[in-house]
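S.K.: Here's the feature list from TrEMBL:
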type     : residues                                   : note
ACT_SITE : HIS120                                     : active site, pros-phosphohistidine intermediate
BINDING  : LYS10, PHE58, ARG86, THR92, ARG103, ASN117 : ATP binding site
DOMAIN   : 2-137                                      : domain 'Nucleoside diphosphate kinase-like'
Amino acid sequence: MTEQTLVLVKPDGVRRNLIGEVIARIERKGYSIVDLKFVQPNESLLREHYEEHVDKPFFPSLLEFMMSGPMVAIRVEGDRVVEGFRSLAGETNPTTAAPGTIRGDLGRDWGTAAIENVVHGSDSTLSAERELAIWFK
Ligand code: CMP
């Protein structure tokens, strides 16, 4: 079923010149990029985006990390792309993410409070709809 998801190239990915690498992996998999922009998010946008994490102990460092530089927001379309991009991204922690995935191949574990894992991908079709409305207002 054709659907859309939100992919973010996080500030670490932009700083490390990995935008093209992330886009290439999305396109090689057969998904289409249908909208894309640079964003410097403010705190209220991130609180909305991460509403399920605002009370977690790591939230302040996550906020600091996500505001540390520009990000690229990408609207990606394809068959089962929500699940498919999660699979391309690999698990949250780059140390244990499988080789072959974006986080497994490119993510670095700096041992800092926020996990810097290069990309974000929506975790369900419902989240994708909610998040796309936030980032592509
Ligand atoms: P993301 O897929 O964008 O969703 C939530 C983010 O919070 C996650 O990527 C990580 O960057 C961060 N995160 C999740 N769990 C932890 C954790 N236990 N400690 C620090 N950061 C985390």
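From the backbone N, Cα and C atoms, a Cβ is placed for every residue, glycine too.
Just so you know, TrEMBL annotations are computer predictions that nobody has curated.
Any idea what these are sitting next to in the structure?
M.R.: A strand conformation is recorded for HIS120 (active site, pros-phosphohistidine intermediate) in the three-state DSSP classification.
In the three-state DSSP classification, ARG86 (ATP binding site) falls within a helix. Its Cβ placed at the centre, ARG86 (ATP binding site) has 16 other Cβ atoms within 10 Å.
Summed and averaged per residue, pLDDT over the domain 'Nucleoside diphosphate kinase-like' (2-137) gives 96.
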S.K.: If you count Cβ atoms within 10 Å of the Cβ of HIS120 (active site, pros-phosphohistidine intermediate), leaving out that atom itself, what do you get?
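M.R.: Here the count is 21.
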S.K.: Max Cα distance spanning LYS10, PHE58, ARG86, THR92, ARG103, ASN117 (ATP binders), Å?
M.R.: 21
S.K.: With every protein chain in view, what's the tally of Cβ atoms within 10 Å of the Cβ of ASN117 (ATP binding site), excluding that atom itself?
M.R.: 25
S.K.: For a Cβ distance below 6 Å to any atom of ligand 1, name the binding-site residues from LYS10, ARG86, ARG103 that qualify, or say none.
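M.R.: Among LYS10, ARG86, ARG103, near ligand 1: none.
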